[in-house]
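Annotated features, as they stand in TrEMBL:
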{"type": "ACT_SITE", "residues": "Ser43", "note": "active site"}
{"type": "ACT_SITE", "residues": "Lys91", "note": "active site"}
{"type": "DOMAIN", "residues": "14-102", "note": "domain 'Peptidase S26'"}
{"type": "DOMAIN", "residues": "108-151", "note": "domain 'Peptidase S26'"}
{"type": "TRANSMEM", "residues": "12-30", "note": "transmembrane segment"}
Amino acid sequence: MAQQATAGRRCLRAFVSGFFVAVPVTVTFLDRFAYVARVEGSSMQPFLNPEGGSKCDVVLLNRWSVRNYQVQRGDIVSVVSPRNPKQKIIKRVIGLEGDFIRTLGYKNRYVRVPDGHFWIEGDHHGHSLDSNSFGPVSVGLLHGRASHIIWPPNRWQRITPSLPANRGPLDTEEEED
């Protein structure tokens with residue numbers, strides 16, 4: 001009986017010490033490298049949540065790749081909402097600092113994206129709270145870049161940067177016209 005109690009205490013001690021090592025390692029991994037996020041709503045349709053309704057895509061958000069606030073046009077990113085700091089939103093990068101953007105309902109028809117900001121939009125225009133509602137977004141609000149769709153299994157894929165048709169920065173020739 002005494003041997004069982006001693007073995008039980010050793011197991012408990014091993015579990016507790018393992019727990020105190022695993023938790024900080026897990027938190028550090030999630031904070032620095034990557035984590036998964038459920039994409040809800042229709043703002044990124046048809047690319048994400050193409051079926052709508054109760055079926056939601058789950059994406060892998062790569063935090064390591066945005067640690068220096070480097071993104072490119074066409075990336076799907078997670079940012080802290082400029083309207084509600086407790087909420088994160090997932091949108092596509094349309095323009096980078098210095099780009100001239102033709103907006104879709106913003107207070108100005110054309111916007112130059114200021115330094116330290118980028119322009120984000122949902123793919124489903126009119127069903128998205130994005131830069132057309134609140135303007136350019138500070139790169140300091142950048143949280144992660146969606147790199148893969150990991151759920152549902154029939155949609156497993158790597159996400160490559162792409163811009164929707166007729167979106168993106170204006171050409172310099174267009175600006176002069």
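Cβ from N, Cα, C; glycine included.
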As a test of the contact definition, list every same-chain residue at least 6 positions from Ser43 (active site) whose Cβ is closer than 8 Å to its Cβ.
Ile89, Ile90, Lys91, Gly122, Asp123, His124, His127, Ser128, Leu129, Asp130
What are the helix, strand and coil residue counts for the domain 'Peptidase S26' (108-151) according to DSSP?
7 helix, 20 strand, 17 coil
